[in-house]
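Presented below is the structure to which this report refers.
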Amino acid sequence: MTSATIPGLDTAPTNHQGLLSWVQEVAELTQPDRVVFADGSDEEFHRLSAQLVDAGTFTRLNDEKFPNSYLALSDPSDVARVESRTFICSEREIDAGPTNNWMDPSEMRTLMTDLYRGCMRGRTMYVVPFCMGPLGAEDPKLGVEITDSEYVVVSMKVMTRMGTAALEKMGQDGFFVKALHSVGAPLEDGQADVPWPCSDTKYITHFPETREIWSYGSGYGGNALLGKKCYSLRIASAMARDEGWLAEHMLILKLISPENKAYYIAAAFPSACGKTNLAMLQPTIPGWRAETLGDDIAWMRFGKDGRLYAVNPEFGFFGVAPGTNWKSNPNAMRTIAAGNTVFTNVALTDDGEVWWEGLEGDPQHLVDWKGNEWYFRETETTAAHPNSRYCTPMSQCPILAPEWDDPQGVPISAILFGGRRKTTVPLVTQARDWQHGVFIGATLGSEQTAAAEGKVGNVRRDPMAMLPFMGYNVGDYVQHWIDIGKNSDESKLPQVFFVNWFRRGEDHRFLWPGFGENSRVMKWIVDRIEHKAGGKTTPIGTVPTVEDLDLEGLDANPADVSEALAVNAQEWREELPLIEEWLQFIGEKLPTGIKDEFDALKERLRDAE
């Protein structure tokens, strides 16, 4: 089939010649049965969802409990991001750095072009225009994903500002990121499809210089929804380096004091460290309120007043389901319950509702994420996959801040880094200054969980929680953070803090109750910004004493809180070789400023008790 005979190619709703020629080129290569330009309408969502139900990909859920919501069960081989198959194909290998997989871009293009040849036979090729961040932005970051997956089109409507409005923003010659995706499962004439098409061969490839994303073989999450990690972090971090801003793996939280003053806080945590829970915080301190602007990604640019302003480039939440419940995150549960949600790899109850580990109640019988019968206390495997997801519109969140769609963004007062550490790292620490803050972010360590590849319990260094998401060399990335500070008025920069909700006592109990009680730590952070709270100077930064925290009404042992705040110099001296090993791994591009901070920390710890 030539491009001239592929239905839909000649009825494109745009005159953008760059887009049209790319669409034609991809259609000739991949040989779909037809081409459809996605418009992002509700009608399209309903039509494609019904199509997915007919195909066996979607199960429509109980409309009384989850209106207009669906469950998809993936192929068991296609359940998560695949870091081992993710590549940064910069022109020079040094520009990808030691944390990324690299292949020569011309070799990768040749290899993947061969994979793409004929890969959409028997399928529809969808052209999906989208915008990351508010459509009204001065410099909107536009993209077009070409995909052969209806699941992707439906999910992109939830996760991005997708469709006709984004296409119109491109005009006749506007720049856009080219994002090409195929599940890699062509259908021959008469061949029956499967509910979740994918391929054993997978590549998720980024070309930072040309701002392109090529993905093949996976239909799942961040591998296939190319506006998410691929564009919003890997490609956007390269854009941010070139344009003088930050694209970060951060939530954006609005805290409102009893005096009705708002503070905006960005926070970077690795997976399974409570990012979504903090983004949707329900403060336990009387008079304090919280609203959310995002739970995963923040783009921060300097405003005219010299402060950093953040926007959330996403339009929906793509959250991990297990562990989400009415205690840990009631606002996420309310958002999901409003409907219009796509669940992936959770379990199905007998009355058409969803269930996962951590939810209240113990259903006696379920259909598990593999489509098998599951019985309470009899089946040994989990009912939901540990990385199962909900994809739900942000606009449904009951505590969504009114500024969530403001193209100007919100001024950030504090940046938090955090990890999961049983020992050593106190509940909260304030950095000495911006460069020291960059150092504690760049050396962030977190114990591994089921959400990350590697041995559970090992401390993995995860700079700014961006280890899998940096679109260029980690040393250059950290230097860019230092340069952001050098090129601005430090008095206008956010204060930097490090938090650890997960410290345990000798009896292995958590020392801090967490969840809504984390508002007490957030209050201390705000009071430090306002120069109203005390703290103790330690070799690692300023740490509150028990008396510095507002613990009124807290059901916790003060001795536990004191232990959670403790800075043990010997434990930190034992941490130094682990940090040094990580800095050596960064290699020749390690910024001098980070080496200086490490030497200064060693010096401060030398004589500390």
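Note: Cβ is positioned from N, Cα and C throughout, glycine not excepted.
What you are looking at is a predicted structure, and each value in this text was computed from that prediction instead of being measured.
As annotated by Swiss-Prot, substrate binding site applies to Arg81, Tyr220, Gly221, Gly222, Ser271, Asn387, Ser388, Arg389, with the evidence given as sequence analysis. Here Swiss-Prot flags Lys229, His249, Asp296 as Mn(2+) binding site. According to Swiss-Prot, the GTP binding site annotation covers Ala272, Cys273, Gly274, Lys275, Thr276, Asn277, Arg389, Arg420, Phe515, Gly516, Glu517, Asn518, on the basis of sequence analysis. What Swiss-Prot records for Cys273 is active site, and it gives sequence analysis as the kind of evidence.
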All-chain count of other Cβ atoms within 10 Å of Arg81 (substrate binding site):
23
Determine which residues of the same chain, besides Lys229, His249, Asp296, have their CB within 8 A of the center of the CB atoms at the recorded Mn(2+) site, and list them by sequence.
Lys228, Ser232, Leu233, Ile297, Phe469
What's the longest C-alpha separation between any two of Ala272, Cys273, Gly274, Lys275, Thr276, Asn277, Arg389, Arg420, Phe515, Gly516, Glu517, Asn518, the listed GTP-binding residues, in angstrom?
26
Cβ within 8 Å of the mean position of the Cβ atoms of Arg81, Tyr220, Gly221, Gly222, Ser271, Asn387, Ser388, Arg389: remaining residues of the chain near substrate:
Val79, Ala80, Phe318, Val320, Thr344
Cα separation, Phe515 (GTP binding site) to Cys273 (active site) (Å, whole number):
11
Check the Cα-Cα distances from His249 (Mn(2+) binding site) to the binding-site residues Ser271, Asn387, Ser388, Glu517 and tell me which is shortest.
Ser271
Glu517 (GTP binding site) to Ser271 (substrate binding site) - Cα separation in whole Å:
20
Of the binding-site residues Lys229, Ala272, Thr276, which one has its Cα closest to the Cα of Asn387 (substrate binding site)?
Ala272
Taking DSSP as the reference, which of helix, strand or coil describes Arg389 (substrate binding site)?
strand
Where does Cys273 (active site) sit in DSSP terms: helix, strand, or coil?
coil
If I take the alpha carbons of Ala272 (GTP binding site) and Ser388 (substrate binding site), what is the distance between them in whole Å?
13
Compared by Cα position, which of the binding-site residues Arg81, Gly221, Gly274, Ser388 is the closest one to Asp296 (Mn(2+) binding site)?
Gly274
Could you tell me the maximum Cα-Cα distance in Å between the residues recorded as binding substrate, namely Arg81, Tyr220, Gly221, Gly222, Ser271, Asn387, Ser388, Arg389, rounded to a whole number?
17
Is it possible to get the count of other C-beta atoms within 10 angstroms of the C-beta of Ser271 (substrate binding site)?
19
Does anything in the same chain, at least 6 positions from Tyr220 (substrate binding site), have a Cβ under 8 Å from its Cβ, and if so what?
Ser74, Asp78, Val79, Ala80, Arg81, Cys198, Thr344
